[in-house]
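J.: Pasting the feature list from Swiss-Prot:
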- CYS79: active site, proton donor/acceptor (ACT_SITE)
- CYS191: active site, proton donor/acceptor (ACT_SITE)
- ASP16, SER17, TYR48, GLY49, ASN80, THR81, THR192, HIS193: substrate binding site (BINDING)
Amino acid sequence: MTQYIPDTQRPIGLFDSGEGGLTVARAVADLLPQENLIYACDTAHFPYGPRPLAEVRAFFRRFMEFFVEQNCKLVIVACNTATAAAIDLLLADAFPIPALGVVQPGAAMAAEASVTGRIGVAATQGTCDSGIYPQTIRLFRPDAYVVQQACPILVIRAEEGVISGPEVRREVERCLAPILAERVDTLVLGCTHFPHMAKVIQDVVGPAVRLVDPGKATAVQVADLLRRRGLLNPGPGPGQRRAFTTGDPQRFLEVACRLWPGGVDAAAHIHLWSQQE
């Protein structure tokens, strides 16, 4: 007999190409520690940034099927590139369960945080090419000047669990130099891998530039949505945090333990395609 699980105790699903979305999972866990989380990442196809958005969109749709199978009550697309690829599906509520991305909350926070209206976005190539951040920021602040920069090397470093040190600092300096040359006062960490190295980034950009972590803004939006729908988990105690990966679960856990010590209870492999690339 299938065990009945109250709607409030159903898990929240989080999706990313790799370990980056753990920054969003951590933000949700900090704000809603009683919630059960299922983190699913597509490390078999990592990184998403250089891939065509149509391909990323297809990957995302398959993961949504997985989250439905896992009886999730809500899904967070903890990946900016996947959010850009599937934005029309998210806006149209095209799935059996609510799903929301990280771009809109991050864009709204950046528009509010900036004093001068000069906003930088560090992201993947796919996110930059989509134009989703400039478009969304200007919905909240039409006069905003937005400059973007793709930082693929930082995505790779964070996925490896290398988030500090002299070489990382040099790479951050090189990546962000074009943005800082535009005299921005706000920088959106437009890839969920980047908050893992927020301390180095803040040190490079200086105290006059405010960092915006879309994951934290998304966690607030998730809490509000669950509250309005009567789906907040009342507890007791901390929720379970399980991970699934299309890659090597042991490798995932090794890196996850460095990026979020104690944050993931267990990891397992999932095979979602008949033949993985």
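Quick reminder: no glycine exception, Cβ is built from N, Cα and C everywhere.
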J.: Compute the C-alpha separation of TYR48 (substrate binding site) from CYS79 (active site, proton donor/acceptor), stating it in Å without decimals.
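T.: CYS79 (active site, proton donor/acceptor) has its Cα 9 Å from the Cα of TYR48 (substrate binding site).
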J.: Max Cα distance spanning ASP16, SER17, TYR48, GLY49, ASN80, THR81, THR192, HIS193 (substrate binders), Å?
T.: 12
J.: Who sits close to ASP16 (substrate binding site): which same-chain residues at least 6 apart have their Cβ under 8 Å from its Cβ?
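T.: Correct list: LEU22, VAL24, TYR39, CYS41, ASP42, ALA78, CYS79, ALA82, THR192.
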J.: Between CYS191 (active site, proton donor/acceptor) and THR81 (substrate binding site), find the distance joining the two CA atoms and give it rounded to the nearest Å.
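T.: About 8 Å separates the two Cα atoms.
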J.: Which residues of the same chain, at least 6 positions away in sequence, have a Cβ lying under 8 Å from the Cβ of HIS193 (substrate binding site)?
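T.: Result: GLY18, GLU19, GLY20, THR23, LEU154, VAL155, ALA158, GLU159.
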J.: Around the Cβ of CYS79 (active site, proton donor/acceptor), how many other Cβ atoms lie within 10 Å? Please give the count over every shown protein chain.
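T.: CYS79 (active site, proton donor/acceptor) is surrounded by 35 other Cβ atoms within 10 Å.
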J.: Output the one of TYR48, THR81 that, of all these binding-site residues, has the highest number of other Cβ atoms within 10 Å of its Cβ.
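T.: That would be THR81, with the most Cβ atoms nearby.
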